[in-house]
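Asks: What follows is a structure written as structure tokens; I'll ask about it next.
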Amino acid sequence: MAPLIYSALIISLGLGTTMTFASTHWYLAWMGIEINTLAIIPLMAQNHIPRAIEATTKYFFIQATASATLLFASISNAFLTGQWDITHTPYTLTSTLITLALAMKIGLAPLHSWMPEVMQGLNLLTGLILSTWQKLAPLYLIYQIQPNNPDIFITLGILSILVGGWGGFNQVQLRKILAYSSIAHLGWMILILSFSPPLALLTIMIYILMTFSLFSSFMLTRTTHINSLATTWAKVPILTISTPLVLLSLGGLPPLTGFMPKWLILQELTKQSLSPLATMAALSSLLSLYFYLRLSYAMTLTMPPNNPAGTLPWRLNPRHNTLPMALTTTSTICLLPMTPTIMSLLPF
């Protein structure tokens, strides 16, 4: 893709999300989401291979369906209330339709089935954009209407945590595993959104940090299959140490950064007298932890077949800048002691 066109698409991605963030009118917010969708479609189809075209087509139809539902629900809300204000959604039917349309856009269970298939057809950089930046605008709108739908948020959240754990069990493709990881982490964020929006913001920020670090590691080694992880030590030896720690942080193990949001979420749910829900969420996170441990095992404790016909890849200097990956990996591993400071900065 030509650099000028690529730059224009990246700028459009930023413009669409910024427009949604800055709008208080449903139509402008919907327009920002549409700009986002139209900007990422050429990025998804740039490889010109059947799998990428199929993924792009699926993504377009799913997003078109969700956008049509969102526009219909917002028009219905404007007809019933007489105004287009995002925060003014007093009717249960319209707010539920809007929530489900936005849940389909970001891939929350049970509207998640497109997410792993689309991720599998993309390259790692576009998959990173889809897993992080494309979630921000719909999540902002969900945050705006969240006081009206606590029950549906709890249902979507716990279903997403369960589906994200179960779905990744038998996967060997890393992009599908990352898709189910995204579903599970968004489930944690949606689960706590009705009770503590600042904690939901902290959760999505740490999720983006960890996901960026993991995608960067896989892009550096050009790894897309679980069997390829065994050759990481021959390509970039330091990643054999850092990437398993990032994976365990995604799983929520202490003393890593990923433990912080889950710990605070379980604490908040217990304060809200929702101990059974907190217990179910904690047990469901063990499902996700299994495939993170599986990836860590494949990377650190297995070796590729060492036969004369097989040659190990050359250990070449990386061609792209590794400083962002180093910074995010360090943050992903070492931020847990900063929990008291972060809690004092956010209005919990």
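Each Cβ is built from the backbone N, Cα and C atoms, and glycine gets one as well.
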Asks: For the transmembrane segment entry in TrEMBL, name the matching range from 3-26, 123-146.
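Replies: When 3-26, 123-146 are checked in TrEMBL, transmembrane segment belongs to 123-146.
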Asks: What average pLDDT is reported by the model for the domain 'NADH dehydrogenase subunit 2 C-terminal' (289-343)?
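Replies: So the average pLDDT across the domain 'NADH dehydrogenase subunit 2 C-terminal' (289-343) works out to 78.
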Asks: At a Cβ cut-off of 8 Å, and with pairs 6 or more apart in sequence only, do we get at least 3 pairs between the transmembrane segment (273-293) and the transmembrane segment (91-111), yes or no?
Replies: no
Asks: Mind pulling out the one from 91-111, 152-170, 177-195 with the most Cβ pairs under 8 angstroms to the transmembrane segment (123-146)?
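Replies: Top-ranked stretch among 91-111, 152-170, 177-195: 91-111.
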Asks: List, by number or range, the same-chain residues at least 6 past the transmembrane segment (57-79) whose CB is under 8 A from its CB atoms?
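Replies: Beyond its ends, the transmembrane segment (57-79) has Cβ neighbours at 26-27, 30, 33-34, 37, 40-41, 44, 88-89, 91, 93-95, 97-98, 100-102, 104-105, 114, 117-118.
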Asks: Given a Cβ distance threshold of under 8 angstroms, which distant residues of the chain, six or more beyond its ends, lie next to the transmembrane segment (233-253)?
Replies: 181, 185, 210-211, 213-214, 217, 220-221, 259, 262, 285, 288-289, 292-293, 295-296, 299-300, 304, 312-313, 315, 318, 329, 332-333
